[in-house]
Amino acid sequence: MGGLYSEYLNPEKVQEHYNYTKETLDMQETPSRKVASAFIIILCCAIVVENLLVLIAVARNSKFHSAMYLFLGNLAASDLLAGVAFVANTLLSGPVTLSLTPLQWFAREGSAFITLSASVFSLLAIAIERQVAIAKVKLYGSDKSCRMLMLIGASWLISLILGGLPILGWNCLDHLEACSTVLPLYAKHYVLCVVTIFSVILLAIVALYVRIYFVVRSSHADVAGPQTLALLKTVTIVLGVFIICWLPAFSILLLDSTCPVRACPVLYKAHYFFAFATLNSLLNPVIYTWRSRDLRREVLRPLLCWRQGKGATGRRGGNPGHRLLPLRSSSSLERGLHMPTSPTFLEGNTVV
């Protein structure tokens with residue numbers, strides 16, 4: 001084992017593995033590759049900004065401190081980190097790849113696996129929360145914050161463990177024949193294990209939502225109200241978009257785990273599938289704000305404040321009687337509106 005870890009700082013190991021698994025090492029920085037890299041980085045910056053606005057909105061407004069929105073905030077955090085990880089992955093790809101040590105390569109790829117794991121477990125936590133809210137039409141107990149934080153913390157801990165297994169030793173540095181083609185320093189068995197875990201979790205989430213749907217449709221009006229159905233529709237859309245975006249990448253990884261080295265040319269195009277999967281982190285904030293009026297107002301508040309600030313600067317020296325009115329909080333916009341206080345209505349009353 002000591003010999004294995006001693007290879008982590010050997011800069012020749014990465015090139016050795018790429019030479020073994022790839023037919024050709026096309027690592028030249030061409031103009032088209034530069035344009036593609038620039039586009040991906042811009043896309044990832046948009047992902048970071050979008051999800052940061054969602055996190056700020058959830059943090060600053062107490063209306064969004066319910067279990068449902070905290071779990072959505074956790075999903076936004078994983079999407080934000082996914083954007084950061086993909087920027088790092090893009091900057092450290094191409095010609096830079098062959099100059100990396102195995103340790104740096106594991107850090108580059110492991111960060112992406114960690115954020116993916118966090119997204120999957122966030123979706124599972126949301127499904128469990130919906131099941132609890134539907135099954136128990138009452139507010140959580142006084143220990144709800146502790147239990148939510150423990151669930152979120154556990155999801156990140158498991159994600160760190162899953163993403164960190166290769167750097168802890170589950171890799172193919174000493175066994176070239178066991179290496180993945182898409183991820184040449186990862187063992188095929190590790191890739192197969194992770195994709196299987198994710199697939200089983202996603203199937204379990206789908207089964208949970210099917211069960212919740214039938215429970216809601218067959219329940220009384222206090223459970224199957226329009227807000228409850230709208231919130232269920234929102235989280236179902238989030239799940240569906242995740243599956244659509246990641247299914248091609250999961251399929252490529254499953255093929256990679258079973259295909260002999262250099263026998264499946266489609267594996268050399270895997271980066272297109274992962275780029276498509278990244279769209280999931282871009283679309284999630286759009287879904288949240290599209291489906292929730294209050295969250296949409298809160299997310300747009302910093303942009304409106306910035307716009308009003310520019311307008312105030314442009315009017316300096318003008319009519320002193322003309323002043324900008326401060327933005328009202330989203331909660332004040334709904335003042336006077338009384339809604340039922342069961343958890344399904346309490347957490348779903350902002351969904352359109």
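FYI, residue positions are counted from 1 along the chain as it appears here.
Glycine is no exception: its Cβ is also placed from the backbone N, Cα and C atoms.
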Review point. Membrane-wise, does Swiss-Prot list Asn61 and Cys305 on the same side?
Key: yes
Review point. Counting Cβ pairs under 8 Å to the transmembrane segment (272-292), which of 67-95, 148-173, 190-210 comes out on top?
Key: 67-95
Exercise for review: Note down the number of other Cβ atoms within 10 Å of the Cβ of Cys305 (S-palmitoyl cysteine), including every protein chain shown.
Suggested key: 13
Exercise for review: For the topological domain 'Extracellular' (256-271), give the DSSP counts of helix residues, strand residues and coil residues.
Suggested key: 10 helix, 0 strand, 6 coil
Revision key, fill the gap. Other same-chain positions with a Cβ less than 8 Å from the transmembrane segment (67-95) and lying at least 6 residues past its termini are 27-29, 33, 37, 40-41, 44-45, 47-48, 51-52, 54-55, 58-59, 104, 108-109, 111-112, 114-116, 118-119, 122-123, 125-126, 129-130, 133, 140, 144, 148, 152, 155, 231, 238, 278, 280-281, 284-285, 288, 295, 343, 347-348
Practice item. Give me the stretch from 35-59, 148-173, 190-210, 234-255 with the greatest number of Cβ pairs under 8 Å to the transmembrane segment (110-128). Key: 148-173
